[in-house]
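The block underneath contains the structure these notes are about, expressed in structure tokens.
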Amino acid sequence: MNTSLLIWIILFPLLGGLLNGGFYLYHIKIQKIPELLFAIIGTVFPLLAFVFTLILFLDMNEHGSVYSQHLFMWLDIDKLTIPMQLLGDNLSIFMSLFVTFVGTLIHLYAVAYMKDDEGFGKFFAYFNLFLASMLLLVLADNPIILFIGWEGVGVCSYLLISFYYKTKENVVAGNKAFLVNRVGDLGFLLGVITLFFALNETGISFSSMQENITLASQPLLILSGVLLFIGAMGKSAQIPLYTWLPDAMLGPTPISALIHAATMVTAGVYMVARFHFLYDAIPGVGLFIAYVGAFSALFAAIIATRQTDIKKILAYSTMSQLGYMFIAVGLGLYSSGLFHVFTHAFFKAMLFMGAGGLILAIHHEQDIFELGKQRKKLPIISVTFLIGVIAISGIPPFAGFFSKDAILTGAFSGGHYLIWLIGLFTAFLTAFYMFRLYFILFVAPNEQSKMETHKTPWSIGIPLFVLAIGAVFAGFINLPEVLGGNHNVDTWLAQLNSTPLDLSHAAEYVLIILSIAVAASGIYVAYKRYANYDLSKRETEEGLIYNKFYVDEVYNTIFVKSAQRLSTFFSDVVDNKIIDASLMGLSKGFVAFGRGLTFLQNANVRYYAFYMLIGMSAISYYVYMKLQGV
Amino acid sequence: MSADILSFIIFLPAIVAFILMITTKDANTVRNIAFVTTIIIFGLVLKLYLSFDPEAGIQFVTNNVWIEQYGINYYIGVDGFSLTILMLIALLISPAYLLLWEGRTKGYWINMLLVQTGITGALLSLDMVLFYFFWETMLLPIFLIMGMFGTGNKIFSTIKVTVYTIAGSLLMLIAIMYLGTAYYAEFGTWSFAIDSFTQISTLSYDAKLWLFLAFATAFAIKIPLFPFHTWITDTYTNAPTGAVFILSAIMAKLGVYAIVRFLIPIFPEIYSDFSIFFVCIGIFGLIYFGIAALMQNDIKRMFAYASASHLSFITAGVFSLNAYGMSGALYLIIAHAIATGGLFLLIGILHRETGFKTISNLGGIAKQAPIFTVIFAIFLFSNVGLPGTSGFTSELLIIFGLYEFHPVLGYISGLTVLIAASFMLWMFQRAILQDRETDNGKDLPMRDLKIKEILGLIPWVVLIFVMGLYPDYFIDKFEPSVLHYISDILPSGATK
């Protein structure tokens, strides 16, 4: 009975999106509709999706069942059979549970954030469509259907980044996000195709691929594993396909919270976990993924230490945390990786929402020094922001500590000491740059004599409050054994066969203490430098780090400029000067040749009769010869 | 009745056109009657589509003597391949009328009717002389529309495209004559039917190759393939909207269709031996035209290149020798016709209202014409191959097919997901979304779509999503025909 609920998890937000889209067109073309209607549609449908997911989750928890719903045959040609089928197993229900939960909260938050915006209805239409695509991605039973959701979230991300489309920069950022993601999508698509043919066209569902994985040769598995990971690099903003994420911050803040922090960007991690059977067969590629993750984590953390735009700092921190998740899934620690996805969704969504609250309260200012200077009394936001900062910095007992520590301990236990070291150092940087942000925003002395109080609307306050609870306590649902743990998440995700820990308790204690010490020293350094920072002095805006290592500029020269130059070369030189000119030359040649023959055409009928005679004779001769069979 | 339905579909527009030519002078009357005619044809084709049996091969055959002494027959019929395209044409033409509705002359509408007869006739011909007849006549109305109603250097463009296509057609005519005489030499009777030509056994391999190339050149010009494409930019830029619409959405596809209809059955071994060559040309064209499109400032010119890029990709799919590639190619023919046809019509409206079709002069359209923009975006994303739209299904299948043909070529062809997206989105940003950068950002005079135009476009929008979300229904209609080509006609099932 419950199986048929699966599709409704996707249909509810889809319906919400379509209704809001239709009403919005009605709103702008025919008659105004009050915002309340859009808000109700836009929040109730995600809530329903969450309720249905929760029902399935509870049912699954009780009966241990797995749901599979076949909707219709999407495509069936030769040996390629792609059903439109949904799969609700432990992994996908786990993922959709927090996607719908956090999603609903952010929808509620957006009601206040987008208030009085002329595109209010449009925003909720896109937002609901995004949620539907994300859930299709999560619940898909085969990679092609997953890809429909995968690109669906991509296009919603594009539409939402360029939400204020009249300004060029926004649309350019949207284009960049779409195109860089498309590079990844190309990898994903080719990876799926390679895998399909490597398995002798035996089937394309995840379960049949898992069964037949032994049919494929090792090189083809490696190839498809790398190609699929390129897809993850794009979606989850890892080196080298990360450049779109900081620019994506031009969209309204709820988007950054939902799409570019909590859900869409974790799709790459989810996808790798989905293909765990493939990556288990090719540990070398897994190690490669872990290193890409480690370097992305480090690289983003370094850049984040010098940025001045509040949302960009959070964007780089997202990229950095995603790096941790890839360390985990790359090393086979799937459940730890997904646990970090889970806790990260809480505290990062909360941080973005807090940032959005600040930006709204202080006249759409995003520069952290300005925000610090024009500080207002925002009790709810400042407290929840602090909770988020502590959580991401890895201080126990906040959520981020447990999930990050599980990854670092796992890396150490597997003997990947370099990765562990990079992760540890990144943790130091994380604590540093997050507290730098906190101190500048809320602590450093400013010249205001009296702070104005700014009331936070309830639909911003409630989501912040709920997420704060998550950011504090979510860690406890998956305590490690050494802390008397319950391993709830690890047990729930047992299907992924994550690599178990192989470490003495003593060693684990040492690692835990070490990572707390590292986080604390990061906070200390930030405190020393920024707790009493003079906000009127800006930090220098020169140097490699502030300029993000000039990667954007390099990409622009290598890819964009050269494609443009090639384009001009093709159309102006090859087409016009070579191909067309030679054809026109040919026709001019004909004209000249014709002029040369004008003496034949002398208006003398006897000449013409003579030509006809020649022609007729030739034709007769030819036909005669042909009929003779010569 | 069932046998005559095809003839009725072919000739009704021409008959109506001739009657209208004599009886009335009023452009609006002509347009209204022409529109009703296309609706009637749509109904007939729909009936045909629903009653068609996918497994039964060529159906609704009519075979009457036309020129007896040379065995030239009025021989028509329909199979899964041609039926799909027939349905497509019927589905495209009536809505297009709604978008072209205002301000056209009598001659314009009469020519639109005539061109429909030419296209449908060429599509359904099973006799090569009959095919040649329609193939040539379908061009005349287009030349007239271009020459009379075009913009810019229209006379030069018209002559250029005429000379180009006629040069190709002449090669084809020679090849048809050669095959006819070869058939006569072998069997002692004249026949120009395709199924007769497939029986010819006396030709040497070299002769077949040359004949194949003669046909292929004619079709390559029409499609167009590299390097026979230089007519397309001038033509698309200067031709009026209706002509560009017909050329890009329908006629270009007939070039691909003709390859499947004639070249595969008549020259199966040449087709499979030289497929690698055409696949490479196709993939090269995909990339070359796609890159060339990037920096175009005239939107119609950009879409000329975009069209060429997609059609090259379709051609690569046709030569992939397997069910994935060929089905994908046929599917992309439909998907591309709808999306690109729709875009050309919308650009026509944009040009008419604002007076511009150059990207640098446009901008700020989205806020003035939201419905226009939404529909424009849907066509655009289908063209880009976004999953959930018809474009994706086709591109996916072609990449599968090309991978099976050769993995490396499959990988290269995957670039299609990047190429169209890059220039399309950039154009969309500059021409439609962002505020104008010239004239101090002063808005252009642009209206939103009218109800009539929206009604015309809605079927296409619906179809884009239905074909993207439930492709199996459509593919079932033509899959047997595709499999028939692959397993029965190609040597040794050709592929593995």
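Using N, Cα and C of the backbone, Cβ positions are placed for all residues, glycine too.
Here's what TrEMBL has on this protein:
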type	residues	note
TRANSMEM	A:6-25	transmembrane segment
TRANSMEM	A:37-58	transmembrane segment
DOMAIN	A:74-124	domain 'NADH-Ubiquinone oxidoreductase (complex I) chain 5 N-terminal'
TRANSMEM	A:91-111	transmembrane segment
DOMAIN	A:140-430	domain 'NADH:quinone oxidoreductase/Mrp antiporter transmembrane'
TRANSMEM	A:146-165	transmembrane segment
TRANSMEM	A:177-199	transmembrane segment
TRANSMEM	A:219-245	transmembrane segment
TRANSMEM	A:257-279	transmembrane segment
TRANSMEM	A:285-304	transmembrane segment
TRANSMEM	A:341-362	transmembrane segment
TRANSMEM	A:383-402	transmembrane segment
TRANSMEM	A:417-444	transmembrane segment
TRANSMEM	A:506-527	transmembrane segment
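Mean model confidence for the domain 'NADH-Ubiquinone oxidoreductase (complex I) chain 5 N-terminal' (A:74-124) is a pLDDT of 89.
According to DSSP, the secondary structure content of the domain 'NADH-Ubiquinone oxidoreductase (complex I) chain 5 N-terminal' (A:74-124) in residues is 29 helix, 13 strand, 9 coil.
For the transmembrane segment (A:506-527), the list of distant contacts is 393-396, 401, 404-405, 408-409, 412, 424-425, 427-436, 438-439, 480, 482: same-chain residues at least six beyond its ends, Cβ to Cβ under 8 Å.
For the transmembrane segment (A:6-25), the list of distant contacts is 33, 37-38, 41-42, 44-46, 48-49, 52-53, 56, 67, 69, 71, 86, 88, 96, 100, 121-122, 124-129, 131-132, 135-136, 139: same-chain residues at least six beyond its ends, Cβ to Cβ under 8 Å.
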